[in-house]
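Feature annotations, courtesy of Swiss-Prot:
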type    : residues              : note
BINDING : GLU57, GLU92, HIS95   : Fe cation 1 binding site
BINDING : GLU92, GLU140, GLN175 : Fe cation 2 binding site
DOMAIN  : 40-193                : domain 'Ferritin-like diiron'
SIGNAL  : 1-27                  : signal peptide
Amino acid sequence: MMKSVFFGVVAITVAILSIYQETAQAQEQTVGATDNYQWDSVDDQCLAALHRQINKEFDASIIYLKYAAYFAQEKINLPGFEKFFFHSAAEEREHGIKLIEYALMRGKAPVDKHFKLNYDHEVPTVTTGESALETALQKEVEVTKSIRGVIKACEDGSNDFHLADYLTGEYLDEQHKGQRELAEKIATLKKMKKSAPKLGEFLFDKNHM
């Protein structure tokens, strides 16, 4: 399973970098044609922030894949947590792909030369569901702050209200709902572990994930 997760992430990386190279070449070839028709105009600061956000979405997906693989191990066997984190990983990957599609729709390369996936986050050899959910909540808060940063960069730099509105409507609402859901899960799990220290996590995995 770990191999399939790894190769899946590698495939995403290769595909994204390939898109970047092809789009960059196409932009170089058509630069003369776009000098007089700025349909693809996006402020540099705004575009750089969008590139960073795309990177963050895929980074979050990798972290959630690692936790999903951890809980899927036969010696851990918490299928509720496994399903939750695989679903979360898929959502973050979808977010990244949607931003790639948006950048392409605006006539821009979806990633720049600084694009690099972060594999450094290590899941401890022994971890708990509570710890994993708290890590996920921290990551979602980080992603939300980053989205707000993109919105600010695009509004302040060139009044790019289309991108700002897209991020506000498509992303921020889902981010805030996701953070609330994670906070509720953490609170419920803590209560169950307090009332049943040995069975709390098992019952939570079965009934609340």
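Note: Cβ is positioned from N, Cα and C throughout, glycine not excepted.
Taking the centre of the Cβ atoms of GLU92, GLU140, GLN175 as the Fe cation 2 site, the nearby residues of that chain (Cβ within 8 Å, site residues left out) are ALA60, GLU91, HIS95, LYS139, VAL143, THR144, GLU174, GLY178, GLN179. Listed in sequence order, GLU57, TYR171 are the same-chain residues six or more apart from HIS95 (Fe cation 1 binding site) with CB atoms under 8 A from its CB. Here the domain 'Ferritin-like diiron' (40-193) has a mean pLDDT of 91 out of 100.
Of the recorded residues, GLU92 (Fe cation 1 binding site) and GLU140 (Fe cation 2 binding site) place their C-alpha atoms 10 Å from one another. Within the same chain, the residues at least 6 positions away from GLU140 (Fe cation 2 binding site) whose Cβ sits under 8 Å from its Cβ are ALA60, GLN175, GLY178, GLN179, LEU182, listed in sequence order.
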